[in-house]
Amino acid sequence: MAATPRGTSPVPPDVRPRLTVLSGPSGVGKSTVVAHMRKEHPDVWLSVSATTRRPRPGEKHGVHYFFVSDEEMDKLIANGELLEWAEFAGNRYGTPRDAVIERLESGEPVLLEIDLQGARQVRASMSDALLVFLAPPSWEELVRRLTGRGTEPPEVIERRLQAAKIELAAEPEFDTTLVNTSVEDVARELLALMEVV
Ligand SMILES: Nc1nc2c(ncn2[C@@H]2O[C@H](COP(=O)(O)OP(=O)(O)O)[C@@H](O)[C@H]2O)c(=O)[nH]1
Ligand SMILES: Nc1ncnc2c1ncn2[C@@H]1O[C@H](COP(=O)(O)OP(=O)(O)O)[C@@H](O)[C@H]1O
C-alpha cells in the first residue's frame, strides 16, 4: 500500500505551509522517514528538540536531541525558550523557539517531529502550520516495530503503546495522514506536502 493521504482537509493552494509538524505514535517510523528524507534533501531543516530522556546508543547531543537535566529543562520552560513542550512517557521534550523562528523568518521550510500534545500547542499558536499524522499500517505492525527496535525495556514499550492508543484516536485533528508502509513513499509525500519538491 502506498503512502496514500487519508482524510486530507484542503490546504489553500496559494498558501505555502512553512511550518510542518510530523506526529505519530512511538515506533511508527517518524525518525526513519525523516532520516531518509534528509539524506536526499539535506537542506530540509529539522528542529532539534531538548529532552530529559537519556540518549540511546548512537544518539548524539545537538544532533538527535539536546539532552538536558530536569533542572535545565525547568529553566528552558521558565525562561520561555520553548515554542512548545510536553511530557511523554515519563520524560519532557520541547522545541527551542529561537531557531525555529529564525528559519521561518528567513523563509525556509521547517519540520518539527513532535508528539500529539506538542502538535496541539503548535496548532493553537501558529494557525498556518501543516499538521501531518504518520499512521502505522496496523496496530500489530506498530507493536512489531516498537518491540523490534529494541531500544526500550518492556515496561517503557507498554507505556508508549498506551500513549499510542490516545494518539491514534486523535488522527482526525491532523490536516493529513500518511500511512507508513513504505519509507520511500512517505518521505516523498512529506517532501511534496512541504513543497520542497
Ligand atoms: N511535544 C514534543 N514532543 C517531542 C519533541 N521532541 C520529540 N518529541 C516526541 O516525543 C516522543 C518520544 O520521542 P523519543 O523518546 O525520541 O521516542 P521515539 O519517537 O519512539 O523515537 C515522540 O512522539 C516524539 O515525536 C518536542 O520537542 N516536543
Ligand atoms: N516502513 C517501514 N517498514 C518497516 N519497518 C519500519 C518502517 N519504518 C520504520 N520502520 C522500523 O520501525 C522501527 C521504529 O522506527 P522509528 O523511526 O524509530 O520510529 P519513531 O521515530 O516513530 O519512534 C525501526 O526499527 C525502523 O527501522
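Glycine is treated like the rest: Cβ placed from N, Cα and C.
Features reported for this protein in TrEMBL:
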- 1-30: region 'Disordered' (REGION)
- 17-195: domain 'Guanylate kinase-like' (DOMAIN)
- G24, P25, S26, G27, V28, G29, K30, S31: ATP binding site (BINDING)
DSSP three-state assignment (helix, strand or coil) for S31 (ATP binding site): helix
Set of same-chain residues at least 6 away whose C-beta sits under 8 angstroms from S26 (ATP binding site): A89, L146, R160, L161, A163, A164
Assigned element (helix, strand, coil) containing P25 (ATP binding site), judged by DSSP: coil
Residues satisfying Cβ distance under 8 Å from V28 (ATP binding site), sequence separation of at least 6: L134, A135, P136, L142, R145, N180
Remaining residues near the recorded ATP site, that is with C-beta within 8 Å of the centroid of the site residues G24, P25, S26, G27, V28, G29, K30, S31: L134, P136, L142, R145, L146, N180
Local confidence of the prediction over the domain 'Guanylate kinase-like' (17-195), expressed as mean pLDDT: 96
Sparsest-packed among the binding-site residues, when each Cβ's other Cβ atoms within 10 Å are tallied, from G24, G27: G27
